[in-house]
Amino acid sequence: MEQQSPPASSSTTVTSTTPLLPQNHPWWRRHFHMNNSLSSELSGAVGDLGTFIPIVLTLTLVSHLDLSTTLIFTALYNITTGLLFHIPMPVQPMKSIAAVAVSETPHLTTSQIATAGASTAAVLFFLGATGLMSTLYRLLPLPVVRGIQLSQGLSFAFSAIKYIRYNQDFVASKATTPRAWLGLDGLVVALSSLLFLVIFTGSGDHYDRNGSDDDQPRRRNSKRLRILGSIPAALIVFLLGLVLCFIRDPSIFGDIKFGPSKIGFLSITWNDWKVGFLKGAVPQIPLSVLNSVIAVCKLSGDLFPDRELSAAKVSVSVGVMNLVGCWFGAMPVCHGAGGLAGQYRFGARSGWSVVYLGIGKLIIGLVFGNSFVRILNQFPIGILGVLLLFAGIELAMASRDMNSKEESFVMLVCAAVSLTGSSAALGFVCGILLFLLLKLRKMEYSGSTPGFSKFKFESTVDAETSSIP
């Protein structure tokens with residue numbers, strides 16, 4: 001089994017408040033025990049829907065994605081990964097493939113989307129199975145990874161603000177008119193949801209359940225905050241959105257058809273493989289390696305020090321999911337640091353959170369089938385923006401453990417390039433080059449002999465803070 005090193009920096013103060021049971025308990029109790037309230041797990045389950053719903057809705061409307069098949073397969077992925085990884089491991093759309101699918105003219109077909117996902121999955125499966133992904137994970141400098149996380153988090157936050165402020169045309173992939181203040185999808189609804197989540201979840205801090213503080217006023221205040229934090233605020237906001245769907249368009253009741261769509265193999269041609277690989281997989285592969293494996297594993301170590309994920313296992317997981325589901329027309333998916341941050345932010349502390357989410361998706365896919373797109377089409381986009389905003393900020397805050405100016409410099413340059421060029425791969429390359437250049441600059445000339453010169457690093461360089469554990 002692959003060994004994971006302990007976290008490199010003790011300054012990362014975000015830790016899980018619900019560790020696994022002691023080692024003397026049976027393995028099945030340690031792995032499937034939920035030392036957290038059911039309401040918190042259910043609230044955390046909806047933490048990544050701010051990214052999931054818009055992308056699924058867009059692909060369904062534009063590329064005729066089979067929503068029923070996607071819900072059923074992603075439900076099975078959620079349940080399986082929740083039980084295997086024991087943390088709220090998200091299952092999210094492959095964003096680059098989705099963006100290409102709706103922006104290309106003509107739009108990518110379902111078969112081409114599937115081949116793009118399967119091609120990406122094959123690469124990640126190979127990297128994970130051979131151990132190359134684990135090697136990459138160990139060698140990557142921590143400031144570069146933090147830069148990728150910061151850029152992804154800020155990108156989510158920027159998109160969330162657009163969702164809140166402007167009406168969205170997902171088919172055209174653009175914002176339209178400014179959102180009205182009043183209405184069932186107005187600014188008042190979005191801002192009220194935002195204030196509700198801030199009041200009940202705060203900044204994402206968590207409080208000691210033991211109440212051991214000797215200061216009585218502080219203890220009472222901590223108890224009050226724990227009571228507020230026990231309310232499943234994100235779940236309440238999401239359920240409000242579902243209720244508003246039917247109020248906005250009562251004709252939905254008449255359009256609902258019960259039962260799933262028929263699941264079958266896609267008809268795929270060689271041209272589909274060519275188009276899917278060149279247009280979809282090529283830009284998706286570096287994003288999946290960086291955000292779906294490297295960043296999510298590092299974030300798991302920050303949030304759950306006792307359950308840091310194996311880069312090889314996560315890479316293989318992404319590969320297996322898509323090598324199975326894409327043949328049936330399911331949407332290409334991956335694990336994402338943003339989804340993990342969002343689910344943790346709203347209370348998820350174990351794999352049971354995504355198991356519950358998977359059960360919900362499975363019921364919807366089997367009962368409502370493709371007609372559920374009518375409901376999603378009326379979901380208040382402002383509320384989705386609020387959920388996405390919290391997920392993005394939580395992910396970006398993972399970068400706060402950069403202690404030196406040099407680390408912060410590399411991280412910020414990497415993030416800036418990633419955001420400006422809309423490419424995590426470009427930011428990654430620039431971050432690596434800058435990191436190496438700064439280390440080369442610190443090399444000290446120590447003398448020479450005929451034919452070669454010798455250099456050495458300054459002794460002040462701390463290798464532990466310059467690479468991922």
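The backbone N, Cα and C atoms fix where each Cβ goes, and this holds for glycine too.
Database features, via TrEMBL:
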COMPBIAS  1-19  compositional bias 'Low complexity'
REGION    1-22  region 'Disordered'
TRANSMEM  42-62  transmembrane segment
TRANSMEM  69-87  transmembrane segment
TRANSMEM  113-137  transmembrane segment
TRANSMEM  180-200  transmembrane segment
TRANSMEM  227-247  transmembrane segment
TRANSMEM  354-373  transmembrane segment
TRANSMEM  379-397  transmembrane segment
TRANSMEM  409-438  transmembrane segment
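Remark: the transmembrane segment (69-87) makes no contact with the transmembrane segment (379-397), by the rule of 3 or more CB pairs under 8 A. Within its own chain, the transmembrane segment (227-247) is flanked in space by residues 37, 39-40, 42-47, 49, 184-185, 189, 193, 196-197, 199-202, 206-207, 253, 346-347, 375-376, 378-380, 383-384, 386-387, 390, which lie at least six positions past its ends and keep a Cβ under 8 Å from the stretch. With respect to Cβ pairs under 8 Å, the transmembrane segment (42-62) is most closely packed against 379-397, considering the stretches 113-137, 180-200, 379-397. Residues 164-165, 228-229, 231, 233-234, 236-237, 240, 244, 247-248, 380-383, 385-386, 389-390 of the same chain lie 6 or more positions beyond the ends of the transmembrane segment (180-200) yet place their CB under 8 Å from a CB of it.
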